[in-house]
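Report on the structure given below.
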Amino acid sequence: KHERSREMYTADILVYFVIRGAGRPLMGTALLYHMTKGRTYTVRPNMYSLTLLHYSPTGAHVEWCKQLIAATMSSQISGPISSEMVSREYKALRAGNKQAQMEEAPRVPGETIKAIVKDVMYICPFSGVARGTLTITDYKLFFKSLLRDPPFVLDVNLGAISRLESVAVQSHGENTQGLEIVCKDLRNPRFAYRKEGQSNLEVFEILSKYAFPLFHNLPLFAFKYRETFPEDGWKIYDPVAEYKRQGLPNESWIISKVNSSYEVCETYPALLVLPSNVTEDELKRVAAFRAKRRFPVLSWIHPESQAAIVRCGQPQVGPADRRCREDERYLQTILDANAQSHKLCIFDARQSTVADTNKAKDGGYENESFYINVELNFLEIPNIHVMRESLRKLKEVVYPAIDQQRWFSSVDSTHWLEYIRLLLAGAVRIADRIESGKTSVVVHCSDGWDRTAQLTSLAMLMLDAHYRSLRGFQVLLELEWLSFGHRFASRVGHGDGNHANSERSPLFVQFIDCVWQMTRQFPSAFEFNELFLITVLDHLYSCLFGTFLYNSEQERVSKEVYSKTVSLWSYVNSQLEEFTNPLYVNYEHNVLYPVASLRHLELWVSYYVRWNPRMRPQVPVHQSLKELLVLKSELQKRVDELKRDAASSHSLSSSSEHEGMPMQTTV
């Protein structure tokens, strides 16, 4: 121990950071913080001595430690209850303690309690410290404080957790554990509780186990969830029925089972729409020439012009500009299927410089000298790593504190809205070529499952009013994102504690943001409301439903997702009134062209900044919309009654006139 005068230091804090790799503790470093004149030191322990080193932590860590000390000094905090005691404790609570019953965490069918921690401090960045009970289940973390009126509740789905950070603080002879939960949905809840002894199951370890179950060889919670709904959401999407709605098959396109066992392309669905006069051998040669064997297949066809949206992976031309005659003929066949145009338009989502670089990695793009009557366009959309960094910057801007004076410049510096603009602008170009140019388009990026899915689904949403209905939008997601193999598991990291994985990227969040921007510009064109979009994003992470699990249809089939989990659409379609837009008008044949300009785009505050109570609307918008929906329904019933009365009056009037006419006789 080092003797120091109380006048020299404002606080002495021993902090123990646990550095974890893939969920396991690797090493520990004790940090002795001396908060005086901005200097900080590190004490690194070994077997016989302590070595004093200079250390400069980030401002965020210093602030975190200050918050922990404040929480420790302001309240007596008790330790966790081990899992062996949970059952007995829980029965006692239910038996007679009404106060404890009020603190109980509501549970969904199949959910079990794993730990209960009393007298936990939630360090709220907006309203200060709240003391209450923390309950950990295999699905969520639930904190409730009864000391506030109304009671304060915090609910975090474990699937939304990106990483856990544990900090131990020794102050005034007490050992206090600090826990920071970094979430994928742009919030970082922080807790503090007193650590008593060496419990076999620490809170940190319990949370790690159930937040990252795959690392611990445990199933995702969706396989435990046992709720039943009136409707089976897995039946919302039938590929044959959807293609039939589009007028397929026809003389130019067939519905093929060539990939029924996922052998031609393991990331494509079992049923595909292909040109009718292409042989299986030719198809396999084309697949070998395309990245990840993702050969061109139809997503959507115009009901009148027969112009089609076709998607695929990049051609593997390499640095030598290799040719594939079968691929060239295949694209010519797609062009010939549309008699109203003599050109095929290829939209490469990538930046042209990146596409050039990909040639060195055996990728590339179509050479217009080899592909006759083909026009190549680059949409200049950055890759998944740029998007991940952009969202990280946005999180720093919106949580927890907001700099009101620099709000617009801070949001602008993230480039998030600029990337939203690029996506919308690209989709508008695709939709316009289909609708106005009556030209078929081929869309690809590198592998054809990220930016490609964003662009094709947005263009289809602009072109086809069916996808703007509640059920139609569900079909769109099942078709373009799920069946065609967007890598949800890799991009979201369901149940995986490797938060630094470079495969993570918020591409689906970007797509939903683009949809929200369209609903702002066309408020009566979409049957679903904002709550629906937020619900979809919440369950992108939650692992409550099987809808967004795994990377492809093949993986979901092999994991028996369709029989062992519940679809998100079962939940949504059982309470459609919650997700219905009262302003919706079904214009069947109108095409939407959103204005892809930064002047017409805005940050989705209701989603990205929803955890800040100061940014919430003072009027409960959702409740107002529900009341408006009820009023609309009542007015529609009245209109229908008036129409029936008018029709009945017209019928009676016609009958009276007919009876009053003199009979004609023939002489």
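A Cβ is built for glycine as well, from the same backbone N, Cα and C atoms used for every other residue.
Record note: among 484-506, 645-667, 645-667 is the stretch given as region 'Disordered' by TrEMBL. According to DSSP, Arg451 (substrate binding site) is assigned to a helical segment. Sorted by the number of other CB atoms within 10 A, the binding-site residues Ala360, Cys445 start with Ala360, the lowest.
Applying an 8 A CB threshold to same-chain residues 6+ apart, the list for Trp449 (substrate binding site) reads Thr267, Lys292, Arg294, Phe484, Gly485, His486, Arg487. Residues near Asn358 (substrate binding site) in space but far in sequence (CB under 8 A, at least 6 apart, same chain), listed by position: Gln314, Arg350, Gly364, Tyr365, Ser446. In the three-state DSSP classification, Ala360 (substrate binding site) falls within a helix.
Over all protein chains present, the Cβ of Arg451 (substrate binding site) has 29 other Cβ atoms lying within 10 Å.
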